[in-house]
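Taken verbatim from Swiss-Prot:
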REGION    1-62  region 'Disordered'
MOD_RES   Ser53  phosphoserine
MOD_RES   Tyr77  phosphotyrosine
REGION    83-109  region 'Disordered'
MOD_RES   Tyr118  phosphotyrosine
DNA_BIND  141-326  DNA-binding region
MOD_RES   Tyr220  phosphotyrosine
MOD_RES   Ser225  phosphoserine
MOD_RES   Tyr266  phosphotyrosine
MOD_RES   Thr303  phosphothreonine
MOD_RES   Tyr305  phosphotyrosine
CROSSLNK  Lys314  ubiquitin cross-link
REGION    449-535  region 'Disordered'
COMPBIAS  503-520  compositional bias 'Low complexity'
MOD_RES   Ser513  phosphoserine
MOD_RES   Tyr530  phosphotyrosine
Amino acid sequence: MGIVEPGCGDMLTGTEPMPGSDEGRAPGADPQHRYFYPEPGAQDADERRGGGSLGSPYPGGALVPAPPSRFLGAYAYPPRPQAAGFPGAGESFPPPADAEGYQPGEGYAAPDPRAGLYPGPREDYALPAGLEVSGKLRVALNNHLLWSKFNQHQTEMIITKQGRRMFPFLSFTVAGLEPTSHYRMFVDVVLVDQHHWRYQSGKWVQCGKAEGSMPGNRLYVHPDSPNTGAHWMRQEVSFGKLKLTNNKGASNNVTQMIVLQSLHKYQPRLHIVEVNDGEPEAACNASNTHIFTFQETQFIAVTAYQNAEITQLKIDNNPFAKGFRENFESMYTSVDTSIPSPPGPNCQFLGGDHYSPLLPNQYPVPSRFYPDLPGQAKDVVPQAYWLGAPRDHSYEAEFRAVSMKPAFLPSAPGPTMSYYRGQEVLAPGAGWPVAPQYPPKMGPASWFRPMRTLPMEPGPGGSEGRGPEDQGPPLVWTEIAPIRPESSDSGLGEGDSKRRRVSPYPSSGDSSSPAGAPSPFDKEAEGQFYNYFPN
């Protein structure tokens, strides 16, 4: 705001246009639109602008324009004249005659004249959240809002033997550095208090004294240190690679990990150190070191999350945890929604979306696999073969969550299956042949398969001289002679005589035969045995 030009006096009610002459200016005042309180004898009462009509804090106060400032408005009242004997800027202007022994009135605090007209920020001015000032340097916490969310529930940080990165991590924006000077930036972690903490009844409480100082690294230097001020100010200063560990004897990547104790509260701090030429980096003087602390970055070191709210915040905001959650949900929710439920209890649940190239029927009836099961409904319409795999089909996997790519199956000729008679080998591009659903009717003894027999020949008349009572238990089942399926006879008598030939007991009077042991080849046993396999 500059000087009010003549003719614009109607801008402020009750004031006169400000003269453009040098009358009324205090001697020695700079011409940069800055005005001081005029001497009482320099002008009459009509030229004393303000006159209390605009609410001047004292009689005769004038509302004067002020240059643009960060803390004061465009118009401000000049300082009240001070009593004689004040050193500094007040001595340049003689006080009024009636100002001897003047004391500031109640409710008005006179500024220190030694500080000048604009001494600095007001006492009631507070820095915005997430901003810290040290000298000329200003540092802002970039993810301040995220840290504040965690701080409402007391932030927890996982520490492991291998080291775990912080989330939220520390990220800053720095301003006020000398572009050509070199600076070194690092973060250290210090204890907030001398207490041991425990999560109890849904909140963190103090329990006992903190343990002694644990040996280990407590400092993490930014990889870009040292560097120029222009380098630090043109980009984000991130400490995302900082890891926290509880391994006291950590030797690998010791410069990237900070050793902490579990169930202790810590406060990270940012250090900015100006590095002079020829000065070792380890030297840190108080004159060239600036420390910035943000209260919302306090955390408690834990080996496992204690508060469920913190766990949920980590899942919702951590990009790695969020990706894991999306993959987990897509693997299970997509299958449940895309594949319908079976239409009935007799249907077998097979994923048609995933296996449609191999199984054309999504819900095959179990009677197709077990035709003789009682209580199973028969298929009304004959279905085509489903055991033969079609050629030149790709496995269209739909597990997109695990990033699986479709794999093309080789088109090698499949083995013939003798179970279905008359099956034709499908050529590429050929249609599926229609065949009966059930296998052809087999003979009565088709269930029996030839087995290996002993190389022994029966003697002449062996089968006619022995009765059923002379039989004994066979040595093993593999010694039973095979029954030829092409014979029209059922083979019961022949099988009976051959089983008597291989009996280890030659007669019933032999003492080596077990007494009173029932023979497994009596008539009742034979009836039960052959009734199990109906013709």
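Here, residue 1 is simply the first one shown, and the rest follow in order.
In case you wondered, yes, glycine gets a Cβ from its N, Cα and C as well.
Annotated features taken from Swiss-Prot, shown on the structure.
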| residue | record | contacts (Cβ under 8 Å, 6+ apart) |
| --- | --- | --- |
| Tyr220 | phosphotyrosine | Phe186, Val187, Asp188, Phe239, Leu242, Thr255, Gln256, Met257, Ile258 |
| Tyr266 | phosphotyrosine | Val189, Val190, Leu191, Val192, Leu260, Gln298, Phe299, Ile300, Ala301 |
| Thr303 | phosphothreonine | Ile158, Ile159, Thr160, Asn246, Ser262 |
| Tyr305 | phosphotyrosine | Glu156, Ile158, Thr311, Lys314 |
Assigned element (helix, strand, coil) containing Tyr266 (phosphotyrosine), judged by DSSP: strand
CB contacts for the residue listed as 'ubiquitin cross-link' [other CB atoms within 10 A, all chains]: 18
Other CB atoms, at most 10 A from the CB of Ser225 (phosphoserine): 16
